[in-house]
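Residues or ranges marked as domain 'GHMP kinase N-terminal' by TrEMBL: 85-172. If you look up TrEMBL, you'll see PRO113, VAL114, GLY115, ALA116, GLY117, LEU118, GLY119, SER120, SER121, ALA122, ALA123 marked as ATP binding site. Marked as active site, proton acceptor by TrEMBL: ASP164. Annotation source TrEMBL lists domain 'GHMP kinase C-terminal' at 247-313.
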Amino acid sequence: MSVKRVLASAPAKIILFGEHSVVYGKPAIAAAIDLRTYVRAEFNNTGAIKIEAHDIRTPGLIVSFTEDEIYFESDYGRAAEVLSYVRQAIELVREEAGANGRGVTVSITSQIPVGAGLGSSAAVAVATIGAVSKLLGLELSNEEIGKLGHRVELLVQGASSGIDPTVSAIGGFIHYEKGNFEHLPFMELPIVVGYTGSSGSTKELVAMVRKTREEMPDVVEPILSAMGKVVEKAREVLLSDLDDEVRFARLGRLMNINHGLLDALGVSTKKLSELVYAARTAGALGAKITGAGGGGCMYALAPERQSEVATAITIAGGTPMITRISREGLRIEEVLP
Ligand SMILES: Nc1ncnc2c1ncn2[C@@H]1O[C@H](COP(=O)(O)OP(=O)(O)OP(=O)(O)O)[C@@H](O)[C@H]1O
Ligand SMILES: C[C@@](O)(CCO)CC(=O)[O-]
Ligand SMILES: [Mg+2]
């Protein structure tokens, strides 16, 4: 069947345990959440690749006014860079599909805050690959699309563990290590996400950790190993048949240890730590950064106390989001023949 237009969507994620150390081959645990990026792909007649990114603020915009006219200019390098995940995703699929000269228009709308630790880069890459591959007639499984999403992150960021595109493509809860994943049983976790309102670039934060590790391997390696141990313990607790009260209390303690180790690596900020402590003071059993840090989001585990923790995050100047874990990863929403 020849296809004219495809709409695909892919979810955000939280890293429950193990961000950054996962880049160095340690395990990590992540879950897809119910915020989505939607990508529509269709053929155009120009032969060009056209990207309409409705949620991206154009960096380096220069506006000049005269009496009756307005001129817009832009720093083209920076504007193009911000679209590099989408561009690489389209180019990779065109390569996989064999040379194809037809123009493609990709239009993006997203519910995921950008650069906030919720995997916006992975979701946009996965949804783009999903939509464009279907348009070009490629039959790819969600797992294969996750692997292509990992290649996109490697091309753009220089380094990526692949956990974000994997969980965005397949959904649910995963334990991830060196490119391999295991689905953990689905469970509802009483969490609250707190958004600082500022952003951080994963590419820059991963590069910063790498530099510190190169300069002080004896100091940084034990921190990364301790993070790996936290993840293994968390997996054991998640899979245990302990009753919820004990299980959540242990997971909370492990989250706090993980946050301390991330802080030691230098990826927390004053605001993130303020939200983390506000959540703990309001009764969360644990709270930590989620994602690359440098701004963005934290999350708290707060059974019976979700609304108190949400209020504490607001008072501390953040935006709370009560999210649910999403079973579904990449979804083809609509195909127009
Ligand atoms: N809706 C979107 N449209 C186009 N590009 C997007 C969109 N959302 C994210 N991106 C791309 O992803 C970049 C942000 O990715 P980055 O990896 O730095 O943060 P994140 O993925 O939000 O957080 P983390 O990697 O910590 O989970 C943006 O600068 C932009 O290039
Ligand atoms: C910081 C990092 O570990 C997680 C970003 O969500 C980067 C990666 O795993 O690719
Ligand atoms: Mg990212």
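The chain as shown is numbered from 1 upward.
Quick reminder: no glycine exception, Cβ is built from N, Cα and C everywhere.
Same-chain neighbours of the ATP site beyond PRO113, VAL114, GLY115, ALA116, GLY117, LEU118, GLY119, SER120, SER121, ALA122, ALA123, judged by a C-beta within 8 angstroms of the site's C-beta center, are, in sequence order, ALA12, ILE112, GLY291, GLY296. Confidence in the domain 'GHMP kinase N-terminal' (85-172), given as mean pLDDT, stands at 96. Proximity to ligand 3 at the level of Cβ atoms, with a cut-off under 6 angstroms, picks out SER121 from the binding-site residues PRO113, GLY115, GLY117, SER121, ALA123. Within 10 Å of the C-beta of PRO113 (ATP binding site) we count 21 further C-beta atoms, all protein chains included.
Broken down with DSSP, the domain 'GHMP kinase C-terminal' (247-313) shows 39 helix, 10 strand, 18 coil.
Ligand 2 lies under 6 Å from the Cβ of none of the binding-site residues PRO113, GLY115, SER121, ALA123. Taking the Cα atom of each, PRO113 (ATP binding site) and ASP164 (active site, proton acceptor) are about 15 angstrom apart. A distance of 10 Å separates the Cα atom of GLY117 (ATP binding site) from that of ASP164 (active site, proton acceptor). The residue listed as 'active site, proton acceptor' falls within a helix when secondary structure is assigned with DSSP. Considering only the binding-site residues GLY115, GLY119, ALA123, the residues lying within 10 A of ASP164 (active site, proton acceptor) on a C-alpha to C-alpha basis are GLY119, ALA123.
Within its own chain, ALA123 (ATP binding site) has ALA10, PRO11, ALA12, LYS13, ARG36, THR37, SER110, ILE112, SER168 as residues 6 or more apart in sequence whose C-beta sits under 8 angstroms from its own. Other Cβ atoms within 10 Å of the Cβ of GLY119 (ATP binding site), summed over all protein chains shown, number 31. Listed in sequence order, TYR85, GLU153, VAL156, GLN157, ASP164, THR202 are the same-chain residues six or more apart from SER121 (ATP binding site) with CB atoms under 8 A from its CB.
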